[in-house]
Amino acid sequence: MRRLDVSTSGALLAVFLASSPAAAFYFPGTAPSSYKTGDAVPLYVNRLTPADSQNDPKLRSVFSFDYYHPPFHFCRERDGPKEIRESLGSILFGDRIQTSPFELKMGVNETCKLLCEAPYPGKDAAFVNSRIYQGYDLNWLIDGLPAAQSLREPGSDESFYQPGFALGLVDEDVPMLNNHYDILIDYHEASPGNFRVVGVLVDPYSMADSRRQGDHQATCTGQTPVVLKENDEDTNLVVFTYGVYWRPSPTPFATRWDKYLHVYDPKIHWFSLINSAVIVLFLVGMVSTILVRTLKKDIARYNRLDQFALEDFGESGDADDTVDDSGWKLVHGDVFRPPKNPLLLSVLVGNGAQLFAMTALTIVFALLGFLSPSNRGALGTVIIIFYTIFGFFGGYASARTYKFFHGESWKLCFFYTPVALPAIVFGVFFLMNLFVWGRGASGAVPFTTMLVVVIIWFVISVPLSVAGSWLGFKQAAIEAPVRTNQIPRQIPPVGGYLRPLPSMALAGVLPFGAIFVELYFIMNSIWFSKVYYMFGFLFVCFGLMILTSAAVTVLMIYFLLCAENYHWQWRSFFTAGASAAYVFASCLVYWVKDVSWASWTSGVVYLGYSALLSALVFVLTDSTIFFFSYPLLRMHINRRFINHRWLIVILSHALIPHRRLLLLLRLPMHPLLPTLPRRMPRNTHERYKSHRLEPRLYKRHNNRRLPTPPRFIEICNHAVERAT
């Protein structure tokens, strides 16, 4: 297998600076085929796909059709077409590759060669005319390269190849069927006498005056187009012909895909990336500033020991300013309280972690060039493989989360994690497939292929998920940094932007802004059957979306806790996934702007897949941000109350009665606590067991002279009395 010769520095540059607008980076993925002069070069036919036409830039259908769908009456081989073996991803994406009667020989030009004569009844003529109105394209493959049309970027002299060519044209609202194809093939001489195909162009024409002459020849003259009449009384006899023209090219085999991998509107991509990067830097800076200033303020406040005396706890108001605990500090004992429906949240978190790992690794593989466009269906196959393998990771994440929430229905967690979300996705996919099958389109996935997917799901993915869940439950539970109060704290009412819907609406805008440009081009690639290979831009946009979602969610959690609302788990989950609502809204805008359906079934299929895409984005971003928010929250609470535990150890053995200990546990952190050593000696328990405090323990910390133990006891007792 020959690979693209790219230096290591060039590869690293492609990883960190995204795709170059001038060239693409990829590994071909298939071994080159060399031909000698006169050798047969096979031409395979693929499905007919909807595209934008010259008269109407909008998409009018989502259904693709088999090349040999009976109403088209395309020419067949004498013994019938044979199906070409395809990958699982290729079949799921709708490819139906078959042999054809075209005869191509390396280096041998053909001017006007006969394919066949085909009659079109009125009903079939109406079907074909409708497909011409909807702008359907034919898709051929020659040596793995798609037959294309040469297009030019508006406002630029750069030309590129657009896969596919028109089934027909519409002139003055009259559809005309293309029945003659001029095939222009570029070849490169790899070694003396050995030639390789490096480019394929097709120019279709409509010629009604073509006539058959002999078994393989015809006349290809005249300018009268082929207009199919839809009356049953009329006979529409169409003669299909083709010509083949070979021309040498300096393009080597390794870079033959460069003209196909065109970056549309690169300036828009770069503008979007720069804009998103600025937003991310602003949000990350805001989050960092809030957290750092809060921590520094707390530490500075609680380290002012020299200002403390017994009168500080008198009736003056200065003590309130010094020991004031408000906002999130008041709910520290409820922050890590298990949420409602912990099983559902854990299952969604696990599935989201699985989706995130699959998506991230797939984009990285595509960015590094391992998903070659010449290897049809490689992207879909890799997605299925990665999702199956990362079932272990999803089960582990779900089990660890559920155990942290003190869940007891571990069997349900084992079952729902690998079954719940995949079953919903498969159900929607199966329902959409029924609509496609009902229209007789080739995009309907065969039953055998769906059976293979189900087998992979149950035989590989489910056991891996169960194994990951088992490992997660076998490990020790994640401990909260502070003890949870037995009685839940009452939550005061909140208003404004902290309410669920306004907070989600605000939080979803910025992450969506990081991906909406790439989302538009991905939608064009999916529905208009265009090649998408801007994985460098996609990689950066995906990272910016995750960072933006994390920053916005952390800010929202902070404001929520400051409002004394400790139900952050589900709120952070929905806040992080709010961008999915904007994704679905953008699909609706895309529908209004770029799509005009000719049938209601097309709209149902479009909306169904759009809703499925939005739901997957919701689960993916939610789980990612949940894992991002929890460590920050844990670190923040742990930093705030790290010395609180040592005070409890000391007081429980030496200072106050048991009743006052319980009261003190509900107090804010005492200002004297930061003066104690963060790491107490191992013999702390024995040292204070005798109910005596040794002053030297306190003098060792920063060489400060602190109050004597009796005075320290008096201060603590007075604080307890004030709190009660």
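Note that Cβ sites are derived from N, Cα and C of the backbone, with glycine treated the same way.
Listed in TrEMBL for this protein:
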{"type": "SIGNAL", "residues": "1-24", "note": "signal peptide"}
{"type": "TRANSMEM", "residues": "270-292", "note": "transmembrane segment"}
{"type": "TRANSMEM", "residues": "343-371", "note": "transmembrane segment"}
{"type": "TRANSMEM", "residues": "377-399", "note": "transmembrane segment"}
{"type": "TRANSMEM", "residues": "419-438", "note": "transmembrane segment"}
{"type": "TRANSMEM", "residues": "450-473", "note": "transmembrane segment"}
{"type": "TRANSMEM", "residues": "505-527", "note": "transmembrane segment"}
{"type": "TRANSMEM", "residues": "533-561", "note": "transmembrane segment"}
{"type": "TRANSMEM", "residues": "573-592", "note": "transmembrane segment"}
{"type": "TRANSMEM", "residues": "604-633", "note": "transmembrane segment"}
{"type": "TRANSMEM", "residues": "645-665", "note": "transmembrane segment"}
* Return yes if the transmembrane segment (270-292) and the transmembrane segment (573-592) have at least 3 CB pairs under 8 Å (sequence gap of 6 or more), otherwise no. => no
TODO: May I ask whether the transmembrane segment (533-561) has at least three C-beta pairs under 8 Å with the transmembrane segment (377-399), counting pairs 6 or more apart in sequence?
DONE: no
Same-chain residues at least 6 beyond the ends of the transmembrane segment (505-527) with CB under 8 Å of its CB atoms are 50, 59, 62, 264, 268-269, 272, 275-276, 279-280, 283, 497, 534, 537-538, 541-542, 544-545, 548-549, 552-553, 556, 575-583, 586-587, 590, 594-595, 606, 621
Beyond a gap of at least 6 residues from its ends, the CB atoms lying under 8 Å from the transmembrane segment (450-473) belong to 88, 92, 350, 384, 387-389, 391-400, 403, 410, 413-414, 417-419, 422, 426, 430, 433
Long-range Cβ contacts under 8 Å made by the transmembrane segment (573-592), restricted to residues 6 or more beyond its ends, are 345, 348-349, 500, 503-505, 507-509, 511-512, 515-516, 519-520, 523, 545, 549-550, 552-553, 556-557, 603, 606-607, 610-611, 613-615, 617-619, 621-622, 624-626, 629
Contact set of the transmembrane segment (419-438) with the rest of its chain, CB cutoff 8 A exclusive, min separation 6+ beyond the ends, reads 63, 347-348, 351, 444-445, 450, 453-454, 457, 461-462, 601, 604-605, 608-609, 611-612, 615-616, 619
